[in-house]
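**Student:** OK, TrEMBL features for this one:
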COMPBIAS  453-465  compositional bias 'Polar residues'
REGION    448-477  region 'Disordered'
TRANSMEM  25-44  transmembrane segment
TRANSMEM  56-89  transmembrane segment
TRANSMEM  95-113  transmembrane segment
TRANSMEM  172-196  transmembrane segment
TRANSMEM  216-235  transmembrane segment
TRANSMEM  251-271  transmembrane segment
TRANSMEM  341-367  transmembrane segment
TRANSMEM  388-408  transmembrane segment
TRANSMEM  428-446  transmembrane segment
Amino acid sequence: MAQQQQLDDGKQVIFGLISLDRGELLFVLVHSLSIVCAAGFYVAKNHQLLSTDALHRIAAVLGILFLSVIFGSNVLYIILQVGLAWLILSTVRDSRSAAILILIDSMAILCYLQVKRIMQKDLGTVDFTAPVMISTQKLTALAFSLHDYSRKDRDRLPEENQRLMVEKKPTLLQLASFVFFFHGVVVGPISFYSEYIHFMEEQPLNFKARGRKRALVRHMLLTLVLVSLMLVLAPRWQPDTLLDYAQQRPFLVRVFLTYLVMMVARLKYYFAWNLGSCIQLAAGYGYDRQKEDWTGIKNVSIMGLETATSMRSYIDAWNTSTNAWLRLLAYSRLPPKFKMIGTFVLSAMWHGFYPGYYFTFLFAVPTTVAARRIRRIFRPRFLAANQLLLYHVITWFCTQLILAYIVVPFTLLHLNLVLSYYHGTMMWTGHIVVFVALAATFVLPAPPRSKVDSQTGAKASTTVGSALAASEDKKTE
């Protein structure tokens with residue numbers, strides 16, 4: 001008994017020294033082990049030491065094992081999802097019906113876990129619904145990609161839908177390997193079945209795909225930088241700072257603190273996604289055949305997001321694999337009037353049922369509409385005055401501040417905390433600004449589209465960096 005107590009005390013000391021709790025430590029250890037296993041997987045695959053079926057089994061077994069270590073018995077929910085999806089694909093002949101049924105049962109299991117998470121008072125630092133969110137994406141994307149191939153009008157589908165189409169239903173082993181693929185099973189980035197099966201069945205790896213080691217080293221170095229920043233800054237700049245500390249400060253200080261705290265909050269996502277990318281690169285997965293580089297597993301563009309000058313460029317740089325999934329399931333299929341709201345609602349339901357999610361996603365709809373209308377009115381004026389760089393600086397400043405304001409509920413989650421921030425700290429300022437700006441766009445006249453604007457509109461810069469580059473190019477012409 002005394003030895004057990006000493007062991008427990010030793011564990012607590014270790015956890016305290018490295019500023020990680022048990023869940024976070026298991027997360028890091030499992031992913032570190034995953035990199036080692038991925039390197040072995042790469043050697044076995046590249047030198048054809050194992051058959052494709054053996055590789056599928058290894059990918060699935062290791063994924064289930066790693067999930068069990070971090071999330072315990074919750075891995076059974078993903079096994080249930082896979083079993084139901086396999087049963088539906090095997091028995092339902094109509095591909096559209098099968099896709100809808102898989103969407104319903106996968107989302108139902110996920111929603112049950114999201115409710116379970118709400119009922120759990122101590123959320124912990126590792127979200128046990130995260131791997132189920134990923135498995136839901138994989139299974140539903142596979143089902144709709146199978147349906148897309150069976151459609152008579154598949155040639156008229158968006159290019160991305162055509163690229164992700166799946167002709168042949170997977171075997172149970174292939175399905176389990178795809179869902180439990182240990183390289184990205186915990187936090188992603190997610191892979192789509194057409195890309196995954198091409199990777200698994202390509203023997204040996206394409207040696208024309210150069211640069212994997214350089215990409216892996218860059219991602220590993222970036223991951224080390226991110227985890228260092230996170231361990232130093234995150235304990236000091238928690239979202240609670242906006243409720244306790246900021247309320248006592250002048251309004252402009254509150255605005256700046258909102259931007260700072262949300263920037264720090266993004267570090268854990270940057271870290272997790274880059275760590276996931278390291279694992280997949282170590283396994284030789286992630287080569288983009290269209291771009292001919294190793295950005296196929298890149299889930300976030302940090303510079304693109306931090307320098308974004310519009311809602312669209314901000315969203316495009318964030319969680320890109322989930323954006324692709326939302327386009328595949330919702331945006332490309334819904335009627336034009338419901339594309340935006342339907343996509344935001346699906347995204348909110350996929351994330352869970354905390355009120356904070358819905359504050360973020362629903363307010364993003366009028367913000368996006370206002371941003372589009374403002375751009376149509378003001379950008380041509382700056383362009384005509386040869387002040388496009390100034391326009392990008394202003395739009396970067398506004399985009400970063402308003403989006404920091406929008407995503408605060410995403411981190412606070414609970415209704416009382418969200419209202420405390422919006423009402424007590426910020427007095428609904430962001431909402432007022434957005435709706436006033438939206439109303440103003442119906443009054444202000446839009447200038448006629450100039451010849452210059454029509455020529456450069458398709459190439460418009462979306463970040464401050466690209467705007468500076470465009471400005472320098474123009475000077476040298």
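Using N, Cα and C of the backbone, Cβ positions are placed for all residues, glycine too.
Help me picture where these features are in the structure shown.
**Tutor:** Within its own chain, the transmembrane segment (56-89) is flanked in space by residues 23, 26-27, 30, 33-34, 37, 41, 44, 50, 98, 101-102, 105-106, 109, 113, 126, 128, 131-132, 135-136, 139, 142-143, 146, 169-170, 172-177, 179-183, 185-186, 200, which lie at least six positions past its ends and keep a Cβ under 8 Å from the stretch.
Residues 27, 30-31, 34, 37-38, 41, 53, 55-57, 59-67, 70, 78, 81-82, 85-86, 89, 130-131, 134-135, 137-139, 141-142, 145, 163-166, 272-273, 275-277, 279-280, 282-283, 285, 296-299, 320-322, 324-325 of the same chain lie 6+ residues outside the transmembrane segment (172-196) yet bring a C-beta within less than 8 angstroms of a C-beta in it.
Among residues of the same chain six or more beyond the transmembrane segment (428-446), those with a C-beta under 8 A of the stretch's C-beta atoms are 251, 363, 366-367, 369-370, 373-374, 376-377, 380, 402, 405-406, 422.
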**Student:** Can at least 3 Cβ pairs under 8 A be found between the transmembrane segment (251-271) and the transmembrane segment (388-408), with each pair 6 or more apart in sequence?
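**Tutor:** Touching, yes - the transmembrane segment (251-271) and the transmembrane segment (388-408) meet the threshold of 3 or more Cβ pairs under 8 Å.
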**Student:** For the transmembrane segment (95-113), find every same-chain residue at least 6 residues outside the stretch whose CB is under 8 Å from a CB in it, and list them.
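**Tutor:** For the transmembrane segment (95-113), the nonlocal Cβ contacts are 74, 77, 80-81, 84-85, 88-89, 128-129, 132-133, 135-136, 139-140, 143-144, 146-147, 149-150, 329, 349-350, 353.
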**Student:** Near the transmembrane segment (25-44), which residues from the same chain, at least 6 beyond its ends, have a CB less than 8 A from one of its CBs?
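**Tutor:** Residues packing against the transmembrane segment (25-44) from afar: 15, 18, 50, 55, 58-59, 62, 66, 69-70, 126, 182-183, 186, 205, 275-276, 278-280, 282-284.
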